[in-house]
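Asks: Sharing a structure below in structure tokens format, with a few things to ask.
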Amino acid sequence: MFGVYFVLLFLSSALIHVANAGSNAEWRKRIIYQILTDRFAVDDGSTDNPCDPDANQYCGGTWKGIENKLDYIEDMGFNAIWISPIDKNIEGDIDGAGYAYHGYWNTDYESLNEHFGTEDDLVSLITAAHKAGIWVMLDSIVNSMALAPPLADADYSSLNPFNKESYFHPYCLIDWDITDNETNVMDCWQDSGVLLADLDVESSDVSSYLSDHFKSLISKYDFDGLRIDAVKMMNYTFFPDFVDATGVYSVGEVFSYDPDTMCSYMSVLPGVTNYFLQLYINFSFTATGAGFTLIPTYQEVMASNCSKYDSTLMLTFIENHDLYRFPYYTSDQSQIMGALSFVLIWDGIPSIFYGQEQGFNGGEDPANRPALWLTDYDQSNPYYTVIKTMVAFRKFVITQDPDWVTSTYQSIESAVDHYVGQKNDVLVMFNNMGVTNNLTIYEVETNYTANEVVSDVFGHRTLTVGADKTLTASMTNGYPLIMYPHSKMSGFTLPTVNRTVMPSTSATATTTVYTSYYSPSYSARSFTGTGSIFTISSSSRLILSFKTLVFGLGVTAMLFVLFF
């Protein structure tokens, strides 16, 4: 019976791609695995290709490498991947800023990045992904193009097709200390070591080309969605025509922890990256400041500030290529597993950054971008197993209850150390007490029927709801409880979470991190220190962290800087 169910589900996914590929409604059902193309897999699948993140060089990851490792992604259950930008990028080590291995320093919209492969390789990857029921989201650059410094020698003729200075806003650097001038952010240039010339998207020549170009790319390669980089640096007026032209779900990167700024772009885009929630997930699971009481606060702020927009189309995440890895903030296994589970069961479209399944713990870019192949693609890693379990459960719930993806969680109980919430038939209990502690939650009110038996997805056990519809449950060793009616799980078997406690990662004074559960060791930067857990730059764009947590007024003051 299980085999028949699986086949029907697979066929259904294939048919959906033909009929509704790229629609907002269908993207709600997707679970995204974000790939940094250069760091995921090499052509031949080898696992010993050297890669030093600190060198800021190309390490050899390709589209063919991704295709050859789709089974790794498919085994975790992901049904969408987000790949790096595909355009040709500036070559060489630019003024000490490194190479454009990440794909964000584009110079030619009409050519592919040859470091990642050929046109045939890209077509083959997308075809193979679709055959496996996996959609492909393209990271798109529409805000800027890269020039080699210095400005006095800037060669606009090196760019294609925008090969004249007149296609760009006049040079000025964004001043992040100016908080009340949108024009400064939208028209000035970013400082990234290279010159990121800011495209004049208000010009019809520029905007029309970009809309037509990405419409053509989507048609030619059969992309299913777009992630749009640096949305906050662009005028709102550009996006409606661009979104209409491309015709697929587009999620904009709004790198801001201010909910007003974040939600303002929902007026012109289907979805945005939910950095506001990302910050609160981080605080909650690291027991920082107000802890889990921030989750209902988040819900209240969203209801007040963003109620006219559809939050279920936002991207939910805890890591990406611009952020410190979450295990940099905490080495506690249950806190990390809890944060992973939260992302994969919460509202919105979940996105997992490559390497989260292996526990990557690097800090500031480039330490957060090691090569995945140096882990041997370990499928026994506990983080891999929790992702696999939660992805399978989320997909199962969606098949049982299609309205689940448009519903939102209702908070039932929260404190600094725990949170309880329910969405339809899914009840969640999270805590941040760590792997050496247990916590019992007494008589939690639920929406279940009296005396109903519920299954704990995470721990593979059952509990019984009381006659008064309340539930008393214990969270052991800091792990969460994810519950669902036992009667509705008949015939469905979830993967088992490996909860074997792994030794804490130890770091030498060099850039090599040694662990007992990665084979072989991989290179990444690791930091220790004292002080507050977060330091926010004047731009509010970069979170720096140290290992010692500070509670109370320090955190309150930081939140004041961020949001008021």
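Even glycines carry a Cβ here, placed using N, Cα and C.
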Asks: Going by Swiss-Prot, TRP105, ARG227, LYS232, MET233, ASP322, ARG369 bind substrate; tell me which of ASN49, ASN56, ASN160, ASN424 is listed for that site too.
Replies: ASN56
Asks: Among CYS188, CYS263, find the residue that Swiss-Prot gives as the disulfide bond partner of CYS306.
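Replies: So the cysteine paired with CYS306 in Swiss-Prot is CYS263.
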Asks: Please name the cysteine among CYS51, CYS172 that Swiss-Prot pairs with CYS59 through a disulfide bond.
Replies: CYS51
Asks: Taking the Cα atoms as reference points, how far is ASN282 (N-linked glycosylation site) from GLU253 (Ca(2+) 2 binding site) in Å?
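Replies: Roughly 19 Å, rounded to the nearest whole number.
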Asks: So which of the glycosylation sites is most packed in, judged by how many other Cβ atoms lie within 10 Å of its Cβ, out of ASN305, ASN447?
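Replies: Answer by Cβ density within 10 Å: ASN305.
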Asks: Who sits close to GLU253 (Ca(2+) 2 binding site): which same-chain residues at least 6 apart have their Cβ under 8 Å from its Cβ?
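Replies: Result: ARG227, ILE228, ASP229, ALA230, VAL231, LYS232, VAL272, THR273.
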Asks: Which whole-number value in Å describes the distance between the Cα atoms of CYS306 (disulfide bond) and ASN235 (N-linked glycosylation site)?
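Replies: The Cα atom of CYS306 (disulfide bond) is 20 Å away from the Cα atom of ASN235 (N-linked glycosylation site).
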Asks: Of the recorded positions ASN235, ASP322, ASN498, which one sits closest to ASP198 (Ca(2+) 1 binding site) when you measure Cα to Cα?
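Replies: Comparing Cα positions, the closest of these recorded positions turns out to be ASN235.
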Asks: Can you see whether DSSP assigns ASN235 (N-linked glycosylation site) to helix, strand or coil?
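Replies: DSSP call for ASN235 (N-linked glycosylation site): coil, neither helix nor strand.
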Asks: Have a look at the disulfide-bonded residues (CYS51, CYS172, CYS188, CYS263) and report the one with the fewest Cβ neighbours inside 10 Å.
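Replies: Comparing Cβ neighbours within 10 Å for the disulfide-bonded residues CYS51, CYS172, CYS188, CYS263, CYS172 has the fewest.
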